[in-house]
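Features as listed in TrEMBL:
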{"type": "DOMAIN", "residues": "35-343", "note": "domain 'Acyltransferase 3'"}
{"type": "TRANSMEM", "residues": "75-94", "note": "transmembrane segment"}
{"type": "TRANSMEM", "residues": "114-135", "note": "transmembrane segment"}
{"type": "TRANSMEM", "residues": "203-222", "note": "transmembrane segment"}
{"type": "TRANSMEM", "residues": "260-279", "note": "transmembrane segment"}
{"type": "TRANSMEM", "residues": "291-311", "note": "transmembrane segment"}
{"type": "TRANSMEM", "residues": "323-340", "note": "transmembrane segment"}
{"type": "TRANSMEM", "residues": "352-372", "note": "transmembrane segment"}
Amino acid sequence: MLVPYVQESCSHGAAMGTPRSNRSRGSFMKNHVQELTGLRCVAVTMVVIGHAQHMIAGGYSGLLAPLRLISDGRLGVLIFFVLSGYLITGILNAEWKACGSIRLLPFYAKRALRIWPAFYSYLVIVALMSFAGLIDIDHRQVVVAALHLWNYSGIAGMSSLNAAHADGAWYLGHFWTLALEEQFYWFWPPLLFHILKRGNQRALVALIVLVPLVRIATYFAVPSLRGQLNMMLHTGIDPILVGCYVALNKDALKARVAALPWGPLIPSAMVLLLIFGVPPLQAKLGGLWHATYGTTIESAMVGFVIVVLISQKDFWFSRLLRTAPFVYVGTISFSLYLWQQLFSNAHSPVAYGFPLCVIEALVAASLSYYLIETPLLRIKDRFGARGRVADNVPLQAEASK
């Protein structure tokens, strides 16, 4: 699940690389934050609308039938993943260019301050609801979720496919995305350091190509894991890696997009195809799409849209995503993703049907953002400010070694 990122500084901490000029520091995030924040709104809206249909007997029909067009939560999560890879890689790459290093301790400390407070607040609330007998969650499910291992919960019989405690499988089920991202955070910065140090992206390209093959092999070799096929690190990391590739090749990709003929026609077709065309296609193809390179192709389409958004400010979709409602919902998207799960289950003791469930989720997300996320963001920013004082005394391994 994607959370907003801020620039990493050349701060004191365990790092890889050698110091350089700070001239490019922070340049990655300039000028296009609002478009990508608005894209987060699109992603989380798909998740919320997709889950909210569980509050309606028979799903969206009649006057509500058009909501099916924006109810593909799977696509929403995929957009989050590609954005995550793009943003985190862009920030780390900018730090490398500015400082000649990737500082791991500040990176992990800031990620923890950004994600854990809201994450564990939600987890504590649902655990207390279970303790009070309002919902049925096994303590083992709470532990697996707390350790960011939910994307492998099927192995332990705790997923929605095989859980004896179905409430836990639902109220904690969306944590698979956060688990996958946390696992990505652990392996990607060191790998990115070696990619940047050698100036060679072959390892990244190889991973993008190989992960779908591992996915296919897992599909046939371990049928019991098919329900989590796109959730596990070794079978579902390719959307995030596609975002990483887009970040590392941003300038070249922007030049290619700028050279496309027919003005906004091709970008418009890609946006409309991605949002309205691919969901019915993947629903029809099923495993033939999900278990193979379909997910990777879809991720590449999201990457194309990201490049358009950061390079074509007058594009109609860019202008739309910069509007206040999109930016606001995108800003609270992390909390909204967390809390919507509690209000999109017909058996939830705090959910009151559609569309009230959506309003409840928005209110809970806003409270979470302003009462939990925002204060911790200030601490995280002060952490970065203190680190900048130590720019001249880094702890690092020289890149020449």
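Cβ atoms here come from the backbone N, Cα and C positions, even for glycine.
Caution: TrEMBL annotation is automatic and unverified by curators.
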For the transmembrane segment (75-94), which stretch among 114-135, 203-222, 260-279, 291-311, 352-372 has the most Cβ pairs under 8 A?
291-311
Hey, which bits of the same chain come close to the transmembrane segment (203-222), Cβ under 8 Å, at least six residues off its ends?
191, 194-195, 229-230, 232, 234-238, 241-242, 244-245, 248, 287, 291-293, 295-296
Average the pLDDT scores across the domain 'Acyltransferase 3' (35-343) and report the rounded value.
94
